[in-house]
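As written in TrEMBL, here are the features:
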- 21-252: domain 'Glycoside hydrolase family 65 N-terminal' (DOMAIN)
- 313-694: domain 'Glycoside hydrolase family 65 central catalytic' (DOMAIN)
- TRP346, ASP347, LYS606, GLN607: substrate binding site (BINDING)
- GLU489: active site, proton donor (ACT_SITE)
- 704-761: domain 'Glycoside hydrolase family 65 C-terminal' (DOMAIN)
Amino acid sequence: MLFGVDTKPNDDWWIGRNEPDIHNLNKLEALMFQGNGYFGIRSTLEEHYMEEKRDMFVLGTFDKYENEATELPNLPDIVNLEIVINGKVMKLNHGSVTQYQRGFNIKNGEMTRSFIWKYDGKAYRFKFWRFVSMARRHLFVSKVEVAPLDDSARIQIRSGIDGQQTNSGTQHLVDGTKRLFNARFIQMQTRTQQSKVKFALTEFHRLCLNGTDLNMNPRLKLNRRQIYADYSVDVDKEQTLTIVKYANIFSSIDKDLKDNVSKDSLAELEQTSQLSYDKLLAETTQAWDEKVWQKSLIKISSHNNKPQIAINFARYQLLANTPQDWRMNIGAKGMTGEGYKGHTFWDTEMFMLPYYILTLPQYAHDLLKYRYLGLVGAKKKAHENGYRGAQYPWEAALPEDAESAPIWGNADIVTGKPMKILSGFIEQHITSDVAFGVMQYLQATGDKTFAHEMGYEIVLQCAKFWASRLEWNSQKNYYEITDVIGPDEYKEHVSNDAYTNYMAHWTMKCGADIIADLRQNDPKDYKRLNEKIGLEELYKALIQRASMLYVPSPNEQLVIPQDDNYLSYKKIDVTKYKNSEKDKEDVSEIFKDFDLKELDKIQVTKQPDVLLLLLLFEDKFSKQIIKDNWDYYEPKTTHDSSLSYSPHAILANDLGLYSKAFEYYEKACQVDLGTNQESSVKGTHIGSLAGIWNVVIEGFGGVRITDKGLRIQPHIPKSWQSLEFSIIWKNTKINIFVSHKYFSVMSKKKIKFICHDHIYQVEPDEKLLIEF
Ligand code: BGC
């Protein structure tokens, strides 16, 4: 597996880079992203460089500029710290640099950097450390050491809060109050222009010389949207100057706000700045351990530790971006960059949710609760489009918003005109995906409270939407769904997209089953939901429409048509475009040769559509059908979305195409960790990172949440010796060990699982061993 970052053979928790590659800073900024689910910072360096993308976001603080899509505002930078030595600004491209090492600890998110900087024949040692606290959600701490090695030096420090950041030019913040408190604490207050979310950011610096606190007060430097603390210290040869910076951010939408942002921010920093860097880091390490690493195990024994690093990295990025508040959800790029504006897609339910359901169910619950709150926006969207029930937005920001997708995208290469992004209008499968996520959660957790308080209502509203959305085709005598975009976004305005139709059918069927079950077993809840949704009428509509909805069946060659016309289009050789990398401007190779109108008429697929359907509903189709569709569609798929690799890897493993499965697994791992320097510039790919977990646990580990219960049917790659992991099923932790000869299952309580259509029962604390 080729990584674009350095790793150490005996350390499963370290990624880094041993050269000061200042022309490729952006990728590491995203990979070494530091966050705690409340806020997150790209790992730009302390000193400034031309290409840097300084980004800091607080989840949920969306703002909307006129004529632009709502987005998470890029907040003031608190990482900056400029060091001037004898009048010369320290930068890696001034003078010379040796012994450079930049490292990132995946276990607690601490970033470190050290090097010797030589300028004018004199050498200085630099060391940097910093982290975003997982234990105190508002806190960021950094530490810098500077030691002149050859001669004494005057060292000037400028560090502060820089609110001149923009979202690619859009300034979301007003210039607010900047001031000093108690001679030591600098603070900036600001707010977003339109949504009027208030922020306060406070910073405190402690400067020590050879360990002795200099008790220095700063000189203030104020600019528009900037406040800096300046210090100047004369340091002798081989003395060490240490600067510890404590910074925090509070917003007016914080759940834990006690007074107001300014007072809370100052009070917190007065308290935390009393504590040492090491103490606060230890708290963070412990919080990471408790929140994620101790909760579930994944141990891969392989010929090298790259698979282990990849899964650790994926889980780090997931938790660093997991909201600690159900009013928020995870963006397609989390908070790791401006890409996709902080918006939530189907990526959450279809790619990320399995990880949460099976290892951190409380977070899965909260992510779905966000969708429950989102019923307000989804009902609004359905209503605006003339439908009933709830139509979830393709891109979601605040739960009460209807659709947040931008309307215009890149220019068309043929016409030169900006292309309209139609997903927000017609990519409608998201409404089934949300319902699917709810049902998977309920299957695996058995959380009845959620089902009755929120889950059923979400599914029923989604079903109600589909019942109103179907169109009657009087010639064919069936209901159909025209004018949509399926998961293959190369095709717009298609009729009867296989994935969309099957998922709509499943949603309506599921809605009808819920109504029947409630009517029989829970008359009280039935009555309550009947008053809210009209269950009597809905039930009839669901039964009638689901039975009359056209779902494309396999043709004579056993191929399920991706839509009404796909199979009639011309075929091209897509080898050139398969896995090709997007360029700096984020344009895919295929769009340099064809525009969307042309792609519309070619049998080429962006990411799995029929194949995803077959993966989700494997019980409905024979192995032969799955294999024949794989043979048909896999060669036509460009994987132009990073979400494409993990389902292909899992399906290939299911089909016994083990080397293909491993190839796709490696590709998923390399989306962010690989050598392509452009791939993570706008942020990492959280859905694809979750996909790494999906391949390891659902693919190689063979774990699936099915209608019939838990399925465990593992097969690990040839180059792995074993895979050991734990999952949580109905509140019970299950430990699974897989080797090439056997697999074993153990749990504290009695559990049942299915393997190759056989039901096994595991007795408490007894290891059940199944030989292959
Ligand atoms: C993919 C979508 C995905 C979105 C955000 C697009 O390129 O085609 O399926 O939801 O990116 O990750």
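Cβ from N, Cα, C; glycine included.
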* Can you count helix, strand and coil residues in the domain 'Glycoside hydrolase family 65 C-terminal' (704-761) using DSSP? -> 0 helix, 39 strand, 19 coil
* **Site extent for substrate (largest Cα pair distance over TRP346, ASP347, LYS606, GLN607, Å)** => 16
* Asked: Quick one: Cα separation, TRP346 (substrate binding site) versus GLU489 (active site, proton donor), in Å?
  -> 13
* **List of residues, in chain order, with Cβ under 8 A from that of ASP347 (substrate binding site) and at least 6 apart** => ILE330, ALA332, LEU643, ILE686, GLY687, ALA690
* Asked: From the centroid of the CB atoms of TRP346, ASP347, LYS606, GLN607, the recorded substrate site, which same-chain residues not already listed sit within 8 A by their CB, in sequence order?
  -> PHE345, MET350, PRO487, GLU489, SER641, LEU643, SER644, GLY687
* **Fewest Cβ neighbours within 10 Å, where candidates are the recorded positions TRP346, GLU489, LYS606, GLN607** => GLU489
* How big is the Cα-to-Cα gap, in Å, between the residue listed as 'active site, proton donor' and GLN607 (substrate binding site)? -> 8
